[in-house]
Structures are given as structure tokens and as C-alpha cells.
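The active site feature in TrEMBL is assigned to His520, Glu522. The UTP binding site annotation in TrEMBL covers Ser13, Lys186, Thr187, Lys188, Pro189, Thr190, Gln191, Lys222. Taken from TrEMBL, the feature CTP binding site applies to Ser13, Asp146, Ile147, Glu148, Lys186, Thr187, Lys188, Pro189, Thr190, Gln191, Lys222. The ATP binding site feature in TrEMBL is assigned to Ser14, Leu15, Gly16, Lys17, Gly18, Leu19, Asp71, Leu240. What TrEMBL lists as L-glutamine binding site is Tyr54, Gly354, Leu382, Gly383, Met384, Gln385, Glu405, Arg475. The feature Mg(2+) binding site is assigned by TrEMBL to Asp71, Glu139. Taken from TrEMBL, the feature domain 'CTP synthase N-terminal' applies to 3-264. As annotated by TrEMBL, region 'Amidoligase domain' applies to 1-265.
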Amino acid sequence: MARYIFITGGVVSSLGKGLASAALGALLQARGYSVRLRKLDPYLNVDPGTMSPYEHGEVFVTDDGAETDLDLGHYERFTGVAARTTDSISSGRIYSNVLEKERRGDYLGKTIQVIPHVTNEIKDFLEIGGDEVDFMLCEIGGTVGDIEGLPFFEAIRQFAQEKPRGQCIFMHLTLLPWIKASGELKTKPTQHSVKELRSIGLAPDVLVCRSEGPIPDKEREKLALFCNVRQDAVIAAQDLRSIYEAPLAYHREGLDQAVLDAFGISPAPKPNLEKWEDVADRVYNPDGEVRVAIVGKYTQLEDAYKSIAEALTHGGMANRVRVRAEWIDAEIFERDEDVAPLLEGYNAIVVPGGFGERGTEGKIRAAKFARERKVPYLGICLGMQMAVIEAARDLAGLENAGSEEFDHEAGMKRFEPVVYHLKEWVEGNRTVQRTQADDKGGTMRLGAYDAVLTEGSRVAGIYGGCAISERHRHRYEVDIKYRDKLEAAGLSFSGMSPDGRLPEIVEYDDHPWYIGVQFHPELKSKPFAPHPLFRDFVRAALAQSRLV
Ligand code: GLN
């Protein structure tokens, strides 16, 4: 049975709990253990699928089609372990399961209560797959003291109590603020946070403290004494220039050792950190730089396109260059007559995924600029649909080309539906049907689907083969009715669903690098295994930078 590590946070949010969990997962792997990482989120949404990226950052999609928290992206990028539906849960999902059971009569007339019914539901979730790995790392979202978080804290307390001794440990992440005026690092907020934890029956074994600088011995002693942890289990988490140094930095601070000590594992297997040394070397010692414009909608919040930013970094690592990604609000291109001055300084352009009409005309103009000026272009999901609409309007003479998505939103018919609402598709050997009237959540083509690439196409060369599987999250689809017209105009449909009905990839043969993909390649990129499309896209950007 797996050993469980519960990761909680205190003092403030956004301390990098997800990253600390992911880095710890990577370190345990480096010592030869198998791991799985999980996120338990106290919010009441059933899943983050319907939350605005402004609120919650990107929605990370798993192979098996779950819409999850972006922390699962960190977990995958650091461990390479593909996340599953059962790696993420929210209070909303827990309560909806409990209420469903209540309606079914599963509780045999009992009064339904947070303890034991909700906590049991959480504990059942924790058990899933517990016999498959050496370590299960479970991160609890939010901070200790949040009202919503209480059932989760209570459930992990019970869980640890019911397991054999030494099967579960608790790691708590806090902040040590630096008071400039007195030149001091303050431990009091951490003490309070641990006190709060202990008042609900949880005692941390490992304390990870975010701080700007190292933790002096005096403060370390104080933390150990007042928080009741061992001194060598007080781990400093200093700000890093790159998140990809986190496994090495945490190892230097002794995090993995402290965790193994807390479990009483001795002697601990030696870690092999070569992979992370290479990753850090590539991030910190680039040989040049390329500039990439990301023309999107949710540009105020970088987390909204987290995986794209990371995948570009990975592409840079593969080419040993730094990728300077800049976010441009697509709506700017709708105001300005000439987009050229705004885009000329970039070596490549990405149009990422998105929903709704706002900003789409600007994205179409960016796609046109890239095509005409022969600047490398990567269109992802909505970005591919924009590239197709651009080609339909400008090259195939379909002036009114557009997406049904925008007509649906506006409640009127204005466009020729080159991109139409997908209501039926094949999943394995069954046909899935969806209608407009379905709930907003769960009406999309979600998760991993196979695609077949045309032999000899640029993408087949990039992937090094013709059979691929990539993750999807979309409702609308390019209509193959327009394929012949578009291909005659120069846009090849070089990737299709295995049944030949759904376009997956489009590209121009007479362009240095112009590819649109209906899926999200960024979700599968890793620092130690950059996604081939991002690797080659950055290579093309580098070639472009040498031309100018
Ligand atoms: N809004 C588009 C669709 O639903 C694109 C989705 C996306 O970019 N993820 O098809």
C-alpha cells in the first residue's frame, strides 16, 4: 500500500504548494520510487471546467477527459505521470456524490452529515489506486482556516489515524515574511498557521517555508521549537529564477530526506538527479533568445495559458534558447488598422485556445499577418479555427466564413459555418451525441483522441510518425465540407481523426512553419521531453530570428 503525503498550506495562498508537491514527486522518483499526485480542492464547483480562466487559471485536461486544476499540469510536467480523472476532486463533486447517494437511498434513511458522510466520501477518494504506487502525494487546495477546507482536513486526519502508524505524513507550506525596516524574517505567521492546524488535530512532520532568502539558524530553531517539527524538517523554499530548478533546490534543502526520515525509511536510496541537472542547465544557460507573441484573450492572468508558456519554455530548452513570450490582447488588433507594427518584432506567433467571439477578429488578423509575412505560426484549438477562417475568407473566397460559436453566442446567423457545432463523434467504438440543450459542463469533446497524419507532411516529419494521440477540449469543429476548397487554396488538412471526419491539423506547404492543431499539444510537454510541435516551432522561430 502507498505511503501518503498530505500537503497543506498556511498564511497566504499562491505560495507554490502545487510546485512543491510536484518537485517532491520528482525527487521521490529520482530515488527510484513510483508516485502519484492528487489535488483536493475545497471550492463548490463540480470541476473547474466552467470557471473563467481569469478566476482559476487554465483548465488542465487529462487523457481520460477530466477538466482539472492547473496544478495537475505541474504534477505531470515534473513527474511525467499522466494524471487521471481520479487525481482531482472538489467539494462540489464530493457533495454531489453524497447527494446522489442520498437520493438513491444508499444511506438507508440516516441523517446525512459532514462527518461521517462527506468525510467518508473524501476518504474513499483517497483510497483509489492506493495500491498502485509507493507514494501518494495529496495536495489540499486553499489555506488552513478556510471554512470550505474543514471537511478535507478532518478527512485526512481520520485517514491517517485509521492507517497503520508511519503510513501518512503531513507537510505544511507557509510564508516567512521579511520585514525590511527591522531586517528580520518573521516566524509568527507560520507559528499561528501550525497552531491552527494542530487545533484540528493535524501536526506537520515537515515544514516548508517560502522566504526571499535563506533561513538563519536562530529562526530555524524557533520554528522547530514552536511548531513542534525537527530542525532538519524545516525546509527553506527560496524564490527561484526558474521553476525547473525546484527539484534540485528542494533536494539541496533536504526536503526529500526529511520526508523519508519522517516515514522512518533508512537507509534512503540515493537519488539520481542527472535529468534535473540537465534541465536546469538548459534553462539557465541558453544560447540566444527568440521572441514569441501570444495573441489571446485572457492576457492579464499568465496562469490562464500556463501550459502554453511552459511548453514554449520546453521548446526553448530543446533548442538551447530562451523563449521570451509576450502576451498581446487580440482586441488591440481590432482597433488598429495595421497590425504589422505590433507584430513585426516577433520571431513567431501563437494563437492559443479560447472561447467566445471577443477578440476573434484580431486573432484572424494575426493569423493573416503570419501567413503573408511568413512568420512561424502555431494555432492551438481556437487558433487553428481562426487560421482556417482566415484562409476561407482570404484565399478561398468565402468572405462570410466564421464559426457557429459566435452566431450561437450572438443569437443570430451572420457567418457561413466553416467551423460548426460538433454534435456527434466517435469515442473508441461508440458514437457520442450532444445537443445544444445539454449542460454547459461536459458538452465538449474532451481528452485524448487519436489522429492520423498524412505521410510526407511537415507534421508527420515533426512527430516522426503518422499515428498520434493528443488531448482535446472543444465543442466546435472545422467542417470537412470545405476541405477541397481550402486545399485548392493551399491549406492542407494533414491530420484527421481516424474515421476521416474531423480535421485535426492544417498546414501550408509553401510557408516556413504554419500549423494549426485542433488539440492542445501544450498539455503533454515536459521539460525533460519537450513536445515535438513546440520543439520544432521554436526551431523555426530561431531560424526566423536569423533571417531578420
Ligand atoms: N471555442 C472553440 C471550441 O469550442 C475552441 C476551444 C478551445 O480553444 N479550447 O471549439
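Placement of Cβ uses the backbone N, Cα and C atoms for every residue, glycine included.
This view paints the features noted in TrEMBL onto the structure.
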residue : record                   : contacts (Cβ under 8 Å, 6+ apart)
Leu15   : ATP binding site         : Gly9, Leu173, Thr174, Leu175, Arg210, Ala237
Gly16   : ATP binding site         : Leu173, Arg210, Ala237
Gly18   : ATP binding site         : Lys39, Leu70, Asp71, His74, Tyr75, Glu139
Ile147  : CTP binding site         : none
Lys186  : UTP binding site         : Leu176, Pro177, Trp178, Ile179
Lys188  : UTP binding site         : none
Gln385  : L-glutamine binding site : Gly379, Ser403, Val419, Tyr476, Val478, Gly516, Gln518
Glu405  : L-glutamine binding site : Phe355, Gly356, Glu357, Val419, His421, Arg475, Tyr476
His520  : active site              : Val61, Ser307, Gly353, Ile380, Cys381, Glu470, Arg471, His472, Arg473
Glu522  : active site              : Ser307, Ile308, Glu310, Ala311, Ile380, His531, Phe534
Length of the line joining the Cα atoms of Thr190 (UTP binding site) and Lys17 (ATP binding site), in Å: 15
Filtered binding-site residues, from Leu19, Glu139, Lys186, whose Cβ is under 6 Å from an atom of ligand 1: none
Neighbour-count leader, CB within 10 A, binding-site residues: Ser13, Thr187, Thr190, Gln191: Thr190
Over all pairs within Ser14, Leu15, Gly16, Lys17, Gly18, Leu19, Asp71, Leu240, the annotated ATP binders, what is the largest Cα to Cα distance, rounded to whole Å? 18
In whole Å, how far is Pro189 (UTP binding site) from Lys17 (ATP binding site) when you measure between their Cα atoms? 17
Using only C-alpha positions, which one of Ser13, Thr187, Pro189, Leu382, Met384 is spatially nearest Leu19 (ATP binding site)? These are the binding-site residues in the record. Ser13
Going along the chain, which residues six or more apart from Met384 (L-glutamine binding site) have their CB under 8 A from its CB? Val478, Ile505, Val506, Gly516, Val517, Gln518
Lys222 (UTP binding site) and Gly354 (L-glutamine binding site), Cα-Cα, nearest whole angstrom: 49
Here's one to test understanding: among the binding-site residues Ser14, Leu240, Leu382, Gly383, whose C-alpha is closest in space to the C-alpha of Gln191 (UTP binding site)? Ser14
For Glu139 (Mg(2+) binding site), which of the three DSSP-derived states applies: helix, strand, or coil? strand
At the level of the C-alpha atoms, what whole-angstrom distance separates Leu382 (L-glutamine binding site) and Pro189 (UTP binding site)? 44
